[in-house]
Structures are given as C-alpha cells and as structure tokens.
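Peer 1: Below are the structure tokens for one structure; questions will follow.
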C-alpha cells in the first residue's frame, strides 16, 4: 500500500477530456507521485473505467476523486471524497456523502478512502459554480476553514482549489502554517515549472491539471520542479 503523506506532486486527469495514449504514457512515466482521476462535469462510469484501464498499464498510484456516486468503480488504489467546506449547499458538504454511505457503506474499504476538505477560491471555476461555493472570502475565513478541516473534523487533506487561476502564494503559506496534521494540497493555474516550484515551497502536495491538455511539455517539467529530483 502506498503512503499518500509523502506525495509532493500529482497529476489530475479529467475523464471528460481527450488525452492521447502517448501523452498519457508521458504522464504516468513522468515520476509524479500519483495520478488523480476527477472532474466537475461529464464524469461517467464509462469514461472513468476507460481512464482506469489506461492508467493501470503503468505502475503509478491511481486515485479516483469522487464527484458522482454513479461513476464509482473498484480498481483504484485510493478514493478521495471531497467536502466543499465553503459551499452554500449542504449537499456538497455532507449531503452527497450521506447518500453514498447509505448505498455503499457496507462494502466500502475504509483503508482506501480519504476525505478532502475543499476550499474553492475561484468564482469562475466550474467547481465553484456547481457547488455554489462562497469565494468572496477573507484570509481569516480561509484560515478558519483550514482549522475546521484540521482541528475539528480531523480530515487528512485540506485542499486549496483555485481551479483555472494561479493562487495567492502568501495565503497558501499562511494556511500551511496553521495545519498540524492535515496535508495541504494546492491546485489551480499552474502553467509552468516556476509556479509549481513556488507553490511546492508551501503546499505539501501540488496538483497539476489543466496544463496537461494545453502544453504537455510544460506539464512534465513541473514534476522535477516540485520534487527536485
């Protein structure tokens, strides 16, 4: 079994986006610590299964970030369950999770499941609109969400999600200083190795996503920038 606490760099692949076999091989053989499969819309059991089968040809750890209960399938190493802490809708905080546990609770392998406390900070992002996230927040608000995830809920992951735009480095630094046991994931707007390296100075894990589909070479360079290998 893999130890997620040591992951510094992960790629996130959207099953609803096209990725060539050649580029998928580059991603999986890049030296990244893991590949997360997940997206905000258009995620189906069919495209998740296709992605799973494709990634399983390689040795890289594979995680399903669950956004739709209907798209859950066995075969992944881990399952990340996001709870959007700054959502205005309870369904995205605990509601969907409650329904999933009613249906699948008896057969879930709890050693494979990790809850993520999300704080979504880009109002233009699909995930913000889908979950009705309250993005007009102060730094004090974000710090409070971090404390909620880390100290009250004892979640293993606190995820700062800027999805599509590069985030506030100083805020990421200050959030990291607040966390005692939760790992800080950062995702959003990383388009080059320099940005990835900058965020890696503060976040425990840097998530690289959209740039995979825009500039595969730039995406691959983020691995070494983050891991320093």
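Note: Cβ is positioned from N, Cα and C throughout, glycine not excepted.
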Peer 1: Select one of 8, 12: the residue that Swiss-Prot places in the sn-glycerol 1-phosphate site alongside 159, 160, 161, 162, 163, 164, 189, 209, 210.
Peer 2: 12
Peer 1: Starting from the Cβ of residue 14 (Mg(2+) binding site), draw a 10 Å sphere and report how many other Cβ atoms land inside it.
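Peer 2: Summing over all protein chains shown, residue 14 (Mg(2+) binding site) has 21 other Cβ atoms within 10 Å.
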Peer 1: How many neighbouring Cβ atoms, not counting its own, are there within 10 Å of the Cβ of residue 164 (sn-glycerol 1-phosphate binding site)?
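Peer 2: For residue 164 (sn-glycerol 1-phosphate binding site), the 10 Å Cβ neighbour count is 16.
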Peer 1: Beyond the listed site residues 12, 159, 160, 161, 162, 163, 164, 189, 209, 210, identify every same-chain residue whose Cβ lies within 8 Å of the center of their Cβ atoms for the sn-glycerol 1-phosphate site.
Peer 2: 122, 125, 186, 187, 188, 190, 207
